[in-house]
Every structure is written in C-alpha cells, then in structure tokens.
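Please read the structure below before turning to the comments.
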Amino acid sequence: MAHLSDLVNLNLSDSSDKIIAEYIWIGGSGMDVRSKARTLSGPVDDPSKLPKWNYDGSSTGQAPGEDSEVILYPQAIFKDPFRRGNNILVICDCYTPAGEPIPTNKRHNAAKIFSNPDVVVEEPWYGLEQEYTLLQKEINWPLGWPIGGFPGPQGPYYCGIGSGKAFGRDIVDAHYKACIYAGINISGINGEVMPGQWEFQVGPSVGIKSGDELWAARYILERITEIAGVVVSFDPKPIPGDWNGAGAHTNYSTKSMRNEGGYEVIKKAIEKLGLRHKEHIAAYGEGNERRLTGRHETADINTFKWGVANRGASIRVGRDTEKEGKGYFEDRRPASNMDPYIVTSMIAETTLLWNP
C-alpha cells in the first residue's frame with residue numbers, strides 16, 4: 001500500500017510526457033504570493049511558449065465581483081524543487097482581459113524602464129539581501145524565543161551557531177538548496193542580529209531578472225515554511241524595542257560604475273538618489289518608519305546620508321570600491337517587504353534616466 005509521501009514524490013516522467021506548471025503571481029496586498037497549477041502536454045523552457053491563464057481577481061482584492069477575470073502572462077520559468085523532474089514554477093504578471101496591466105502589476109512598469117536603451121547599455125546589476133523572521137505558527141512569536149518572554153540581548157546570534165543561537169537552520173538550508181535547484185542565482189545565507197531572523201541574498205542579477213528571482217525565492221520560502229509548520233514574516237520591525245528590524249538592502253552597479261573612473265559615477269548617482277529621497281522612501285516598503293529610526297544599523301527615515309563602510313547611512317559604499325575607484329554601492333533603505341520590481345527599477349530610473 002502506497003504512503004502519501006510515495007504519491008507526492010511520484011516521478012511523472014516514468015509514465016507520461018506531461019508536466020505540471022505552477023503559475024505564481026502577486027496578490028492584492030502586494031506581498032501575498034498566490035499560485036495554482038495546470039497540466040501541460042510536455043516540457044517547456046520558454047515563457048513565451050506557455051499559455052496565458054486567468055484567475056478570480058475578486059478573491060485576491062484585484063478585481064470587482066461583476067468583472068473578476070484577471071489574466072496571467074507567464075514571464076519567467078524556474079525548475080520546481082517540490083515536484084522536480086520537468087515540472088516548473090512560472091512567475092507571472094497580471095492584466096485585464098483587454099491587455100492592460102492591473103494596478104498591482106508592478107513588473108510591467110519595471111520592464112519598461114529596464115528595456116529603455118539608456119538603461120540596457122549600462123547593464124544594471126543588483127544584489128538583493130532579503131531579511132526575514134521565522135515565527136512560531138500558533139502564537140506568531142519568533143522561533144526559538146520563550147513563549148511570552150524574550151531571549152538574551154542581541155550579540156551572539158549574528159552568524160551564530162549552536163542550539164541556543166541559531167533557530168530554524170534546517171528551513172534556511174532547505175530553502176538555499178531549493179533555490180539553487182530552481183535556477184535562482186542565490187548567492188548566500190546567514191543568521192541575522194535578532195534571533196529567529198535570517199537573510200538570503202539573490203544576485204548579481206541583471207535588470208528585471210532580479211525581481212523575478214527574488215519573488216521566486218520568496219515563493220519557495222513560503223512553501224517550505226508551510227511544510228515545516230512555521231510562519232515567515234517580512235515585517236520590517238516584527239518585534240518593537242531594542243531588536244533589529246528586517247530590511248532588503250539593495251546592492252547596485254552599472255557598467256560605468258564597474259569600469260575605471262566608476263567611483264565618480266557612483267558619487268553622482270548617490271547625489272541624485274539624495275535629491276529623490278522622499279519619493280524612494282515612499283516606495284521602499286510599508287511600515288519602514290518603524291525600522292528606519294537611526295538605531296540598529298539604520299539611518300533616520302527623514303535623513304539622507306552616505307558613507308564608506310557606514311552601516312548607519314542611507315547609502316553605504318564598500319572599502320574595496322573606494323580603494324579601487326570603481327564598483328558598486330548599497331542602498332540600505334528598502335524594507336524587507338519591499339517590491340523588488342519597484343525598488344530596482346526606481347534606482348535605475350533615478351540614476352540613469354532622471355535629470356534634476
């Protein structure tokens with residue numbers, strides 16, 4: 001008699017050419033990832049060869065009940081680490097039946113910015129540092145924390161090892177390997193300053209791919225925590241008080257910044273970012289004012305400043321970049337719940353297309 005795990009792990013290629021495609025999209029809140037699956041007649045490796053699909057937008061806060069159909073446009077394909085074989089994950093964006101992007105479709109505008117010739121020629125690279133907090137499911141309290149109480153103060157947990165310092169490593173490592181399997185350019189993981197908080201990094205990725213890869217990585221993380229019976233939170237300040245918040249530091253460079261003389265290009269780009277500080281802050285995630293206080297390795301939300309190796313700055317430039325006269329910089333302002341399509345495209349737009 002087959003067990004449930006045997007059936008879940010069936011290898012479809014033993015008996016059929018058919019595959020399962022999991023269509024993934026972003027729901028009405030801007031952070032709720034949704035998905036559903038369909039059967040395809042055979043393997044597909046090009047999103048343009050995938051059929052469009054639809055869903056009930058009135059159930060996701062994206063359409064009225066009397067006109068609820070929203071159309072999914074496949075945009076990126078990743079290997080499915082859960083079903084494996086030739087099965088795939090499909091990142092989609094959302095349109096009306098008339099072909100207009102719905103208001104919550106932030107990918108559409110990002111793709112326009114990244115396809116601008118002045119942006120394409122600069123090959124913008126991004127490295128996204130996604131922080132998140134693992135919570136005990138029934139009580140929404142960080143993993144490893146005593147129920148109704150607090151652990152010892154911050155200090156031993158950042159990149160810590162041992163059962164009293166690292167909580168949820170099995171989830172983190174499962175996610176790391178699943179992302180590599182899927183074809184996501186995940187570049188590392190580490191335990192964070194607050195216990196129960198972790199980070200993974202995606203990149204370097206070029207242009208729109210950075211957003212596709214981060215959303216796919218978030219989807220995989222949500223699925224793994226679902227299996228583990230744990231909640232993942234992207235709240236930028238999950239625990240009030242003397243505890244670090246959660247961000248999504250965004251590392252950025254262009255071809256001109258990576259070439260000789262790039263440090264001067266970097267400084268000019270940072271100057272432009274400073275002039276649009278308020279606009280960027282408004283787009284960098286909900287609840288960010290609880291995180292950007294000027295404490296816990298942040299700059300105050302109302303202040304723009306940059307510095308070399310300064311983790312209390314809005315923009316940090318690395319020592320190597322200063323020394324070599326070229327490289328990249330880190331925008332430390334985005335919150336952990338930011339939309340990578342918005343943040344990456346806005347940085348490109350401000351630094352490459354906007355003229356003060």
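Heads up, the Cβ atoms here are built off N, Cα and C, so glycines get one too.
Listed in TrEMBL:
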- 19-99: domain 'GS beta-grasp' (DOMAIN)
- 38-66: region 'Disordered' (REGION)
- 106-356: domain 'GS catalytic' (DOMAIN)
If one takes Cβ-Cβ under 8 Å and requires six or more residues beyond its ends, the residues near the region 'Disordered' (38-66) are 17-21, 23, 25, 27-29, 32, 72-77, 86, 88, 90, 92, 94, 102-104
On the domain 'GS beta-grasp' (19-99), the mean of the pLDDT values is 96
